[in-house]
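Report on the structure given below.
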Amino acid sequence: MSLSSLSLDSKPRFAVGAPRHHRYPPLHHPRTFIPCSPKRHTVSASLSVTTDSAATKSLERIESLSQVSGVLGCQWGDEGKGKLVDILAQHFDIVARCQGGANAGHTIYNSEGKKFALHLVPSGILNEDTTCVIGNGVVVHLPGLFKEIDGLESNGVSCKGRILVSDRAHLLFDFHQEVDGLRESELAKSFIGTTKRGIGPCYSSKVIRNGIRVGDLRHMDTLPQKLDVLLADAAARFSGFKYTPEMLREEVEVYKRYAERLEPYITDTVHFMNDAISKKKKKVLVEGGQATMLDIDFGTYPFVTSSSPSAGGICTGLGIAPRAVGDLIGVVKAYTTRVGSGPFPTENLGPGGDLLRLAGQEFGTTTGRPRRCGWLDLVALRFSCQINGFASLNLTKLDVLSNLEEIQLGVAYKKSDGTRVDSFPGDLRLLEELQVEYEVLPGWKSDISSIRNYADLPKAAQQYVERIEELVGVPIHYIGIGPGRDALIYK
């Protein structure tokens, strides 16, 4: 079956009152997916665009951004934030991560088209003049961080003196990952569907105040006692976690070596960031991990991440004042995807969802898991824009929709009795029972991956973009039509 066969007949159909994701389902039954042709992965040598007018517009767009700007996800993650950060980083002095951990997976390409999958290192690292900050709100798995740095260095990307790690950031240990798996097993049918990277358990340690911070590695005399408290707590909570004195000794020895290697990276990033903004007038770009609909407060709780990927997380995760934060760009796919369990109102469980997955190569950067796919949910997008106050949007992967006869937009939610629901509800039971009202727009049935001027897009593609702007009330300034640095239209 080709993408061209997707039409109205494959739209999601939901019975009144029937749950669309079965509340506590396994993620997916094992199934075989055929890899998509790599046609989308044509990467040009630079950000340069094909006409002078497009180049001028791109420069004007970027230079108009405020001193402290941010790139945040609008949906359930995997929107393509890393690419925009990589492009914008060429015009910023600092790129900073403010929350999350190695559960983030940001894929970027260098000027030669080489692919890099980043998890902890900010996506500005490929731009040699950019300083990358891992803020206090991030949880840091040192083995993973060093592996990432070694991989970058082996591919010619210099990291020396360019990565700063907050002394206030919490350390994520291997046993946090083990506990994450034990917790998921304990939940059985109600599991969250985490990446099992230990993110939740590490944030739990932070919140119950027995966590260990990066700065604690400077005091190795007290590290054994602090580690003992953490390990004993895990053993008391989970019968499957076996803690021995030998485990403690081994962990202490490992972290003595890590402490020595990490020392050049450790920084009071709160002071660094505020000094850079207020005194040195440096330009700062904040890179969010995950996305708003996974926010611990505003997402589909409890099927969420353990941090605040929305705008509020910028201030708490970096220690900068709200008044310092300027333009925020929301990144949103031209359709919707989700990994893990939880509500997904516009999910397409039929062949249409499979076709989107194949065309968009929707498999997790961090886990490799197949992503659940569906139509663009404008109710969720409006909610995300409301919370974050986005100045503009980056609509990504518009090219994935190129061969569709018709494209649907989820424009409203209704209860089973027909009553309209005006905003994204926090009540999961209500969310499960909602019906989605769709608008159907014509497809454009042509390859748009080589287009660099908005005016050159097919009229149907322009209609799709402008209808989203109209219904959401936020302008779309950036349109992704492929993974490469140059595959971006500035509107």
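Backbone N, Cα and C atoms are what each Cβ position is placed from, and that goes for glycine too.
Just so you know, TrEMBL annotations are computer predictions that nobody has curated.
Per TrEMBL, these features apply:
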- 77-83, 105-107, Arg371, 397-399, 480-482: GTP binding site (BINDING)
- Asp78, Gly105: Mg(2+) binding site (BINDING)
- Asp78, Glu79, Gly80, Lys81, Asn103, Ala104, Gly105, His106, Thr195, Arg209, Gln290, Thr305, Arg369: IMP binding site (BINDING)
- Asp78: active site, proton acceptor (ACT_SITE)
- His106: active site, proton donor (ACT_SITE)
- Lys206: active site (ACT_SITE)
- Thr365, Thr366, Thr367, Gly368, Arg369, Pro370, Arg371: substrate binding site (BINDING)
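Feature map: annotations from TrEMBL on the structure.
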residue : record           : contacts (Cβ under 8 Å, 6+ apart)
Gly80   : GTP binding site : Val331, Lys333, Asn394, Thr396, Lys397, Gly480, Pro483
Lys83   : GTP binding site : Thr107, Ile108, Tyr109, Ser123, Thr396, Gly480, Pro483, Arg485, Leu488
Gln290  : IMP binding site : Gly73, Gly77, Gln99, Gly100, Asn103, Ala104, Thr305, Ser307, Pro309
Leu398  : GTP binding site : Ala334, Ile448, Ala461, Tyr464, Val465, Ile479, Gly480, Ile481
Distance from Thr367 (substrate binding site) back to Gly105 (Mg(2+) binding site), taken between C-alpha atoms, in Å: 9
Pro370 (substrate binding site) and the residue listed as 'active site', distance between Cα atoms, whole Å: 31
Least Cβ-crowded entry, counting other Cβ within 10 Å, from the recorded positions listed as His106, Arg369, Arg371: Arg369
Neighbour count (Cβ, 10 Å) for the residue listed as 'active site': 20
